[in-house]
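These notes concern the structure reproduced below.
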Amino acid sequence: MTFSIIELLGVFVVFLFLFFATYLIISKTSKKLSNLIFAVYLIIIALDFTAYFYPKFITLSYSAEMLRMEGLAGLKAPLFYLYILSILYDNFKLKVKHILFFVPLLINLTIIFPNFFNVSIDKQELFFKNYYEQPEAIFVTFFGYIIGFTFLFAGVYQVIRYRKIIKQNYSNPNAFINYTWLKKFLIISFIISAITLAKSIYRFTYNNIETTNNLRITMLLFVIIFISWLFSKALFAPKIFQGIDASLFPLKVNIDEIEDLGIKKIERFMQENEPYLDSSLTLQKLANQLEIPSRELSILINQHMGKHFFDFVNEYRIKKATEKLRNTSSKKITIQEIMYDVGFNSKTPFNTAFKKHTDLTPSQYRKTIDN
């Protein structure tokens, strides 16, 4: 028995997906639901990719093959979106309303039913032989892509919203780990989806098997890179699976609608008590120290001061860092020590924030003082 390059790649892809799905199911984590959703998503994709080699081993009935094609396709996009939500929000729970995400699958199966599921085996065979000319096949295929990209863009919206919430409520750069990872996850998913769409368009338009196979190989290679990257993240960056509270949301409230809580009081507290020296300072922590509601504090910082909480806190940290650099008694203290002293816990965010507020790197700033 010989295998083509596509069949070999297909076998390898299915192995990778099933291996990673197993890892997610058995791994110990506080994000059990998230891991389970993603594992089911990976298993469904693995079953979908078996199309490249399973005919060498088993023969499915025409009805079973159609369910494999359309049923699995209709499950992937909703599960993808549910996974995004479960990663972003640590209190995410599956709800009855989420069943609505699978309505497009029922629509596709309903459209296919009269001229495929409700006919003889001979007519089903004829349907498959002329699959790329069947109006039902054309509709369900491209309707499926529309639904898939809709869920993909909905995921993009949620990630952008998540980033805004993080900037308004957290001062630690580590809070952005989820955003950075999910942004890359969505970009790679979009590339793979675009290649798959191009393959389908070409197959329905020209039905040139050689070009279609080249697109399949390209897609399979991207998928191998994708799943390998996902697995490496799960092993070496487990913190990407930590979410935020789903009750948080971007604020859009007119400052005139709330009582003036005293911006000067907040600024005085920051100067006298220096809460920003805490590298894990959050909006909620600062609000508790100030004894004011976190929502109102966020409105004051975001709308009255025109800053995100992240930038608001870093401004004080950089000001403190410049004071230490100017202090002659601090000459023997390294820049890294100053970085930790003022509330940063990694070099890149410190350098970025420092240059943003002074137009110089910490080293350049120290040299100007020495001169």
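One-based numbering along the chain as shown.
For all residues, glycine too, the Cβ spot is worked out from N, Cα and C.
Positions annotated as domain 'HTH araC/xylS-type' by TrEMBL: 264-368. The transmembrane segment annotation in TrEMBL covers 6-26, 33-54, 74-92, 99-117, 137-160, 181-202, 214-232.
Between the transmembrane segment (137-160) and the stretches 33-54, 74-92, 181-202, it is 74-92 that has the most C-beta pairs under 8 angstroms. Broken down with DSSP, the domain 'HTH araC/xylS-type' (264-368) shows 79 helix, 1 strand, 25 coil. Looking only at the domain 'HTH araC/xylS-type' (264-368), the predicted model's pLDDT averages out at 84. Within its own chain, the transmembrane segment (181-202) has Cβ neighbours under 8 Å at 80, 84, 87-88, 141-142, 145, 148-149, 152, 155-156, 159, 162, 208, 211-212, 215-216, 218-219, 222-223, 225-226, 229-230, 233, 237, 240, counting only residues six or more beyond its boundaries. Here the transmembrane segment (99-117) has long-range neighbours at 62-63, 66, 70-71, 73-75, 77-78, 81-82, 123-124, 127, 134, 136, 139-140, 143-144, 147, 151, meaning same-chain residues at least 6 beyond its ends whose C-beta is under 8 angstroms from one of its own.
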